[in-house]
Amino acid sequence: MTQKITLHDMTLRDGMHPKRHLMTLEQMKSVAQGLDAAGVPLIEVTHGDGLGGASVNYGFPAHSDEEYLGTVIPLMKQAKVSALLLPGIGTVDHLKMAHGLGVHTIRVATHCTEADVSEQHITMARKLDMDTVGFLMMAHMNDAAGLVKQARLMEGYGANCIYVTDSAGYLLPDQVTERIAAVRAALKPETELGFHCHHNLAMGVANSIAAIQAGANRIDAAAAGLGAGAGNTPLEVLVAVLDRMGIDTGVDVWKIQDVAEDLVVPLMDFPIRIDRDALTLGYAGVYGSFLLFAKRAEKKYGIPARDLLVELGRRGMVGGQEDMIEDTALTMARARGLTVNA
């Protein structure tokens, strides 16, 4: 088993989803400084949908990516800052902006069958000498052999780390083991391997341990689990478990608990928990950030969010198709004879 694991905090990026991207600069500063002091080595900061995510489709943030990054990066004493970039949302210009502000790690994210769209962004990030990560989302929608092909593409473009990403919180530990082990065996020994998951089936910690045992050395988590759906793997819990297992993370067991309890929980707009809708995300294999969109559509069209999420899963909807949630709700409402106000 790998004895040194890099933990990557998601509180200030994935945690933007339940905050509707409206975190204040003061909240960002407070949490980032707490994470830094607790020894977290890598902290992601951006709009929930990555660089350039500010839009009608995904939601407008309280501040620009430049403001968030420009506020947090100068305050870090040991932690590095990462940014997420989804080709088609974020551009090479966004990438250059992030690099100019001092972003250390760029994570270029695509659907798990579409690694080919990442070539331009990964190639540019490597030219800029950034820590360059290929991030394969919705990994339950591709089998181990398929993920291997996609991972090799990203590695070939220049990514020095590949992530298997359970965006829906759908995978079970044996499925994580199968995918991670296959990708690990296929990559160059020097290429790092990461795992990101959601806690929709309460599998966050178990799946992260399975990933580590199968060869992953970077693991995503969030303080108090703040993230889309039922949240990400709770960082403070994962740190405690890894400490008991004798795995070095460099994160202080007690300080990270205090960050979660004293800084992150108070800024939650609602409890991050496995309610029936978040559970349905995991059960039906639906992209985590769809949750609030489905709840809004329930209020507008009278279709229970759970029913809508199941239908989205049946249709195989993926990240980036947020605009189709409303369309699906409208179709379902009409099919059920519900009155829809235009």
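Placed from the backbone N, Cα and C atoms, the Cβ positions cover glycine too.
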Original post:
Which candidate from TYR287, TYR301 does Swiss-Prot annotate alongside ARG13, ASP14, SER167, HIS196 at the substrate binding site?
Top reply: TYR287
Subject >> C-alpha spacing of HIS17 (active site, proton acceptor) relative to HIS198 (Mn(2+) binding site), in angstrom >> reply: 13
Original post:
So which other residues, same chain and not among ARG13, ASP14, SER167, HIS196, TYR287, have a Cβ within 8 Å of the centroid of the Cβ atoms at the substrate site?
Top reply: MET10, HIS17, MET137, THR165, HIS198, ASP220, GLY227, ALA228, ASN232, GLY288, SER289
Original post:
Residues with Cβ closer than 8 Å to the Cβ of ASP14 (substrate binding site), same chain and 6+ apart in sequence?
Top reply: GLU44, GLY48, ASP220, ALA222, LEU226, GLY227, ALA228, GLY231, ASN232, GLY288
